[in-house]
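Over in Swiss-Prot, the protein carries these features:
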- Trp11, Arg30, Lys108, Ala141, Arg256, Val280, Glu282: NADPH binding site (BINDING)
- Lys108, Gly137, Ser139, Lys192, Asp245, Ser255, Arg256, Asn257: sn-glycerol 3-phosphate binding site (BINDING)
- Lys192: active site, proton acceptor (ACT_SITE)
Amino acid sequence: MKVAVLGAGAWGTALAAHLAVRHDTLLWARDAALVAELAARRENARYLGGVALPPGLRYEADLATALSHAQADDALCVIAAPVAGLRALCRAMRDARRVPAHFVWVCKGFEADTRRLPHQMVAEELPDHASYGVLSGPSFAREVAQGLPVALTVASASAACRERTLAAFHHGAMRIYTGDDVVGVEVGGAVKNVLAIATGIADGLGLGLNARAALVTRGLAEMSRLGVALGGRAETFTGLTGLGDLILTATGDLSRNRSVGLQLAAGRSLDDILAALGHVAEGVRCARAVLSIARERGVDMPITEAVCAVLFDGVAPRDAVSGLLRRDAKAE
């Protein structure tokens, strides 16, 4: 199978490395210097240093060439750009008249200014296309690149898209599950990043494992309430892309969003944290959108409220936690 991966950050590189073991895989990056470096070193030192890339993986800086690689009906395109870049890539595919027959995205979050989920952006930019979906689940790029076991879910309304994605990814140490709840999968992937900031704050303040468990559990309830309000199915949020991804992101030391929370608890400013991070922390990007949508829909999300208060309103992390503890008692 021919596969094109668009985006050579840590996640795109890791997925391309996995795919190249079985398939004719091409990894596209906008930065020609990065492409040259990848080809010369067989390592993405910028985003995934120390991981040797498969000898069969090829690299490309020209988007039209990369898209042409994935045009056939038995091919697949994987969009590994962040949410902020998804709409532009869809427009580029449309303008180049090279929309792949089947494609999936792996970004998580809401578009900041429009509050759109990824599938809504795709539908707006490519209204005549139908075979697309989202690939998501509990996964750190470095572990995937190292060939460690992982389970992901592809959600799409298109059976053909689900089948192509399964055929491409389901091998080696990667297990793929299929479904059609695109909204539920996307909401889980977005909200868990915000909740991971909350657990990072709690852990950074030394509040203990009981507090962490409470935040994960009540955070899952918030995620599910919002997801159902937006059209997702409740059972999706107890699966890989809901509870599974939340557990990993909230507790794993490779989590950028958890790291943001830990550093906020230590007294660092958000600007300094993001400047030093060097990578996207989607929880920061989409927290306002999540809270805005929740308020609009009448969905109670107190943990998300507390995170936004710390991120954007100057509330001290310990004061935000105290506010949560002072909430009125209620039935679970």
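Here, residue 1 is simply the first one shown, and the rest follow in order.
Using N, Cα and C of the backbone, Cβ positions are placed for all residues, glycine too.
What you see is a predicted model, and the numbers here were worked out from it, not measured in a lab.
If you take the Cα of Ser139 (sn-glycerol 3-phosphate binding site) and the Cα of Arg30 (NADPH binding site), they are about 24 angstrom apart, rounded to a whole number. In terms of Cα spacing, the binding-site residues Trp11, Arg30, Lys108, Ala141 all stay beyond 10 Å of Asn257 (sn-glycerol 3-phosphate binding site).
Under the DSSP three-state reduction, Glu282 (NADPH binding site) is assigned to helix. Within the same chain, residues at least 6 positions away in sequence whose Cβ sits under 8 Å from that of Val280 (NADPH binding site) are Gly9, Pro82, Ala84, Arg256.
In this structure, of the binding-site residues Asp245, Glu282, the smallest number of CB atoms within 10 A of the CB marks Glu282. Remark: Gly137 (sn-glycerol 3-phosphate binding site) has Val150, Ala151, Leu152, Thr153, Leu240, Thr241, Gly244, Asp245 as non-local neighbours, by Cβ distance under 8 Å and separation of at least 6 in sequence. DSSP assigns Ser139 (sn-glycerol 3-phosphate binding site) to coil in the three-state reduction, outside any helix or strand. Between Arg30 (NADPH binding site) and Lys192 (sn-glycerol 3-phosphate binding site), the C-alpha separation comes to 29 Å. Comparing Trp11 (NADPH binding site) with Ser255 (sn-glycerol 3-phosphate binding site), their Cα atoms are 13 Å apart once rounded. The two recorded residues, Lys192 (sn-glycerol 3-phosphate binding site) and Glu282 (NADPH binding site), show a Cα separation of 10 Å. Counting only the Cα atoms, the space from Lys108 (NADPH binding site) to Ser255 (sn-glycerol 3-phosphate binding site) is about 14 angstrom. Between the C-alpha atoms of Ala141 (NADPH binding site) and Ser255 (sn-glycerol 3-phosphate binding site), the distance comes to 10 Å. For Ser139 (sn-glycerol 3-phosphate binding site), the Cβ neighbour count at a 10 Å cut-off comes to 23, with all displayed protein chains included. Cβ neighbour count within 10 Å across all protein chains ranks Lys192 highest among the binding-site residues Arg30, Lys108, Lys192, Arg256. Taking Cβ-Cβ distances under 8 Å and a sequence separation of 6 or more, the neighbours of Ser255 (sn-glycerol 3-phosphate binding site) in its chain are Phe140, Ala196, Gly200, Leu248, Thr249.
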